[in-house]
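Okay, so here's the structure we're looking at.
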Amino acid sequence: MRLNKLISGLGLAFAIYFFLLNQERLFGEVFVVADEMQRAALLTLIVAYSALASVERLNPFRLVLVPFILIVSSDITFNSLLSHGYPQYFVVYQSVRGYIAIFSGSFAFSYIRFTDKPLYQSLISATSLGIAGLSSYYLFSYLSEVFGLPSLALPSLALFLILAVTALSTAFEGEVFQWIRSERTFLMLVLFILTFYTLAIKPQLSERPGIADFIEWSIVALTFIKISRDFRRSVEVDEREFIASHVPKERVFRDRLYSELEFGEKAFVEGGSKVPLTIALVRALSNVEAPKLAAILAPLISYEDEKLPALSFPWERRIIESRNRRRREKVVERIRAEVMREVKDFNR
């Protein structure tokens, strides 16, 4: 239990309570208007949040309280604006309050790890992100209509659909799904560029439609080229050339080889480091012909961990890291079987 977080939460709750009760005495004016129910709800939620955060097992579920804290804080803020003579903001807030609650709640749910089963966890988070995208679409559509500003409804919906699709792909293994996850950052960057272009640059080119068309098609073409290139990209390693330079000329005592192999396997499985295991295997198989040695070590040399996508969710990192560990264990098992066939009495 991390008491510092609980103490911090209690301190923050006390500071807010003290300010709300004594603001007129301290500043000569009431800035924040909150009734007893709102004060009690806000302080209780803050203390509950810090209590959940202080317990490691319950820490992820603290995010469930975020939308409630946001709504209560927003209620107090806009009630204060209403009491200070800004009713228009209060009216707008009341119209979008439901969308804000749904958006914050679903977005918070997407970060929580509910189960260790990748498929179910990915479905829960992807569904939450989809709901967050729809609520943000309606929220920005309404705000754009009320204030007469350019709408961010479609970009916000597209952003959460990108997050939902890439999060859902975490449930599946394979090159295609790994490629989908790896494109998250690029797709979000393209979305940002298109949004900035549509809102800031395109209106300035209304009298030059040819330039606008050229820019739009250039963005589409570059995006297609980048995505298709990433999908087809593969890295080939010349194992024979790598191994030939590491074949030792002297035999090493068997006990030392076992120790080096065990250390190399542990370093690779737990940390993903190939070097200790590669060197140990090359030394152990010093009498094996280079082509055969290259074939044995090919799975290790060509192995690459699946990279974590940018802005990855905590549960998503856990799934990918666990999957990488299982893949490394399979590589070690495969190599060990080959070594046992090549080296007589290898398994003592």
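Cβ atoms here come from the backbone N, Cα and C positions, even for glycine.
Pulled from Swiss-Prot:
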- 5-22: transmembrane segment (TRANSMEM)
- 37-56: transmembrane segment (TRANSMEM)
- 63-85: transmembrane segment (TRANSMEM)
- 90-112: transmembrane segment (TRANSMEM)
- 119-141: transmembrane segment (TRANSMEM)
- 151-173: transmembrane segment (TRANSMEM)
- 186-201: transmembrane segment (TRANSMEM)
Excluding the flanking five residues on each side, which residues at least 6 beyond the ends of the transmembrane segment (37-56) place their CB within less than 8 Å of a CB in that stretch?
1-6, 8-10, 12-13, 16-17, 20, 62, 65-66, 68-69, 72-73, 75-76, 79
Counting only residues at least 6 beyond its ends, the same-chain positions whose CB falls under 8 A of a CB in the transmembrane segment (186-201) are 150, 152, 155, 158-159, 162, 166, 215-216, 219, 223, 226-227, 230, 310-311
Can you see whether the transmembrane segment (90-112) and the transmembrane segment (5-22) are touching - at least 3 CB pairs under 8 angstroms, only pairs 6 or more apart in sequence?
no
